[in-house]
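Read the structure below first, then the notes.
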Amino acid sequence: MSTGHLTIDLSAIADNWRALDAKTNVETAAVVKANGYGMGAGRVARTLADAGARRFFVAVAEEGAAVREAVGPGPMIAVLSGHMDGDTDLIRDNSLTPMLNSVDQVLRHVESLPRQSFGIQLDTGMNRLGLEPEEWAALRDVALKQKPALLMSHLACADEPDHFMNQRQLTAFREMTDGLDVPRSLAATGGLLLGADYHFDVTRPGIGLYGGRPYEDAKTVVRLDLPVAQIRDVAPGESVGYGNTWTAQRPSRIATLAAGYADGLFRALSPGIKLFDGADAYPIAGRISMDLITVDITEMDPDRKPEIMTLMNNLQGVDALADVAGTIGYELLTQLSQRYKRSYIG
Ligand SMILES: *Cc1c(COP(=O)(O)O)cnc(C)c1O
């Protein structure tokens with residue numbers, strides 16, 4: 001084994017989906033954008049379709065085509081970026097449901113694919129995607145005649161339950177959609193956890209399925225094992241890695257692992273994270289380089305020569321790593337290397 005090895009637990013993803021679904025009385029969709037948060041959109045979508053998911057959300061039409069191939073003709077596949085210029089063939093050929101974000105997109109859609117399912121994304125304050133309240137007011141009656149499949153908006157601060165923005169956006173969403181006979185969706189993982197006021201007809205969890213915050217009770221989905229390329233002895237006073245940032249204070253043993261920041265293991269993860277040999281943890285020595293990580297295994301039984309060490313597991317999950325790197329689990333998961341061998345369990 002010369003590259004890292006990602007083991008993705010599909011049954012944990014299905015369990016996380018079921019557990020989130022059980023928190024509401026409404027339909028639970030699944031967000032599989034960015035290749036299923038790095039886990040593999042096709043495998044994840046097929047697993048969740050088997051578990052009962054009937055709607056999937058992707059960021060762009062190309063991702064929708066891949067998910068359609070994986071799940072077959074039944075489920076709705078919603079495209080969050082809407083109907084962008086050049087997407088018409090992909091949307092038609094894969095029966096995608098664009099979430100239309102602007103007046104231009106609405107016109108493009110009804111002119112090019114007048115009978116094709118669509119939804120409407122409304123801006124309730126995040127100012128990223130969606131129709132403004134005034135645009136919606138002007139377009140609403142015409143749009144409703146075309147029978148949209150979903151009205152949706154997105155919360156900016158749902159991972160902070162006490163943030164004033166949640167209530168403000170909820171009120172705005174209600175003002176724009178109350179009394180209309182169209183299914184509604186406001187909540188991603190964070191919104192789902194805010195409670196029933198935020199659930200409407202469909203929730204759209206993403207990160208919670210993959211084991212990340214703010215769904216603290218999620219089952220661990222990812223394990224990352226890295227191959228040991230070399231083990232060496234280092235004398236007191238010798239240093240390890242770029243910039244001489246680590247110097248041996250005692251006779252030491254260093255394991256060099258074959259993965260680095262080019263594999264999504266951000267340089268900011270050094271120092272601070274641990275590598276595991278079974279349940280035993282060992283600190284990084286020096287800086288993470290492009291393709292290599294050096295680990296201080298001085299405390300390990302000197303007769304042991306591990307062939308792999310584990311970077312992500314239930315003891316050091318995606319959020320623990322993200323905290324060290326000063327980022328969020330979403331970024332860490334979606335940067336996991338294409339170089340890793342991937343295998344699926346469950
Ligand atoms: C990414 C995204 C989601 C899923 O968000 P999570 O925080 O991962 O649950 C839902 N809706 C929209 C519009 C998104 O962009």
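Cβ coordinates are placed from backbone N, Cα and C, and glycine is handled just like the others.
Note that TrEMBL annotation is computational and uncurated.
Features reported for this protein in TrEMBL:
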- K33: active site, proton acceptor (ACT_SITE)
- K33: N6-(pyridoxal phosphate)lysine (MOD_RES)
- R128, M290: substrate binding site (BINDING)
- 221-345: domain 'Alanine racemase C-terminal' (DOMAIN)
- Y242: active site, proton acceptor (ACT_SITE)
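Sequence-distant neighbours of Y242 (active site, proton acceptor) (same chain, six or more apart, CB under 8 Å from its CB) are G286, R287, S289, listed in sequence order. Rounded to a whole number, the distance between the Cα atoms of K33 (active site, proton acceptor) and M290 (substrate binding site) is 27 Å.
Neighbour counts were taken as the number of other C-beta atoms within 10 angstroms of each residue's C-beta; across the recorded positions K33, R128, the minimum falls on R128.
A sphere of 10 angstroms centred on the C-beta of M290 (substrate binding site) encloses 12 other C-beta atoms. Rounded to a whole number, the distance between the Cα atoms of R128 (substrate binding site) and K33 (active site, proton acceptor) is 17 Å.
According to DSSP, the secondary structure content of the domain 'Alanine racemase C-terminal' (221-345) in residues is 23 helix, 46 strand, 56 coil.
When secondary structure is read from DSSP and collapsed to three states, K33 (active site, proton acceptor) falls in the helix class.
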